[in-house]
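Accompanying notes for the structure given below.
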Amino acid sequence: MSVPMDAPESSQHADPEAAAAGGRGSANRSLRQIAWRRFRRDRLGMAGGVVVILLILVAVFAPLLTSWFGYPPNQFNQELIDPLTGGVLRDPADPSLGLDPWGGISADHLLGVEPVNGRDLFSRIVHGARTSLLVATVATLVCVVIGTVLGMVAGYFGGWVDTVISRAMDIFLAFPLLLFAIALVGVIPDGSFGLSGNGLRIGVLVFIIGFFNWPYIGRIVRGQTLTLREREFVEASRSLGAGSAHIVFREILPNLVTPILVYSTLLIPTNILFEAALSFLGVGINPPMATWGGMLDNALRFYTVAPHFVLIPGLAIFVTVLAFNLFGDGLRDAFDPRSSD
């Protein structure tokens, strides 16, 4: 097929906005390719990413995993427990043999059972991952929404708006969040907001974490917006008569996706630790729902008899927090323009 003779002329008169958009799209693809190349070379970041993906899969398919390899997370196995001490018997058929230092690890119970009630530890760990990731992820989404909106507003408009929002960030960051959470969770009556039991507690935890931790995202977004509002493409949109809402949400926000994603990944492990701390203190999610912090609380008085009661949930928290931090650090370094390619 012959090429029309006027093709070069039509390309010269192409829409400049479309050309600019195409150029930005190509640049974004190129930046993503460079970032992916950097990230692949970061072995710690890649290892953290693999562990994070595995944890998400474990949380999503927790019921399937427990049906294959264990028992329901709330099933008691009292026949394995010494009624006097609450420890796990070495041989349930012969209680005179004493307690099992391995906590009942066997082919039936891959990680043993919990003291006092005999619940399967593997099932509790797997379902605890689901609880921790659910609370931390939803709370992080709340942080992102509030922090992104207020951070963009503060950075774009500046002046007294920026001053008010920045001072609010300082107040929230200085707030004793753990003490407030302990007090609030303890006084909210059951049935509030149409929720009861652990549904209410999860909702309260998500609200507390999300509402008081948004400045961590808000400060990042504000700083990036202060830089972006002076860029040429923002000035061009402003000169064409675009409104503030259009500029903030259509021009600036797409350029903030990468830093928001990176710092959200780093915020998730902080939220996991906060939820675990509240459950450990007895003011978080209540039994029988499985939580890693609650498992630590239950096992603490048995650590001298069978240390793995404390070691296994503690190791789960440690590995999860470390994996998210390594993954987030790897993403941050990969998208950092100052990093060497």
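Just so it is clear, glycine is given a Cβ too, placed from its N, Cα and C backbone atoms.
Annotated region 'Disordered' per TrEMBL: 1-25, in sequence order.
Look at TrEMBL and you will find 44-65 (among others) tagged as transmembrane segment. Nonlocal intrachain contacts for the transmembrane segment (44-65), taken as residues 6+ away from its ends with a CB within less than 8 angstroms of a stretch CB, comprise 126-127, 129-130, 133-134, 319-320, 322-331, 333-334.
According to TrEMBL, the domain 'ABC transmembrane type-1' annotation covers 129-328.
Counting only same-chain residues 6+ beyond the ends of the transmembrane segment (133-157), those with a CB under 8 A from a CB of the stretch are 55-56, 59, 165-166, 168, 202, 205-207, 209-211, 213-226, 228-229, 244, 247-249, 252-253, 256, 260, 264, 267-269, 271-272, 275, 285. Here TrEMBL flags 133-157 (among others) as transmembrane segment.
The transmembrane segment annotation in TrEMBL covers 169-188 (among others).
Feature annotation from TrEMBL assigns transmembrane segment to 200-221 (among others). Packing against the transmembrane segment (200-221) from elsewhere in the chain are residues 134-136, 138-144, 146-148, 150-152, 154-155, 165, 168-170, 172-173, 175, 177, 180-181, 184-185, 188, 190-193, 256, 259-260, 263-264, 267, 270-271, 274-275, 278, 284-286: each is 6 or more residues past its ends and has a CB under 8 Å from a CB in it.
Residues or ranges marked as transmembrane segment in TrEMBL: 260-285 (among others).
The transmembrane segment annotation in TrEMBL covers 305-328 (among others).
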Under an 8 Å Cβ to Cβ limit, what residues of the same chain, 6 or more beyond the ends of the transmembrane segment (169-188), are close to it?
200-201, 204-205, 208, 212-216, 218-219, 274, 277-278, 281, 283-284
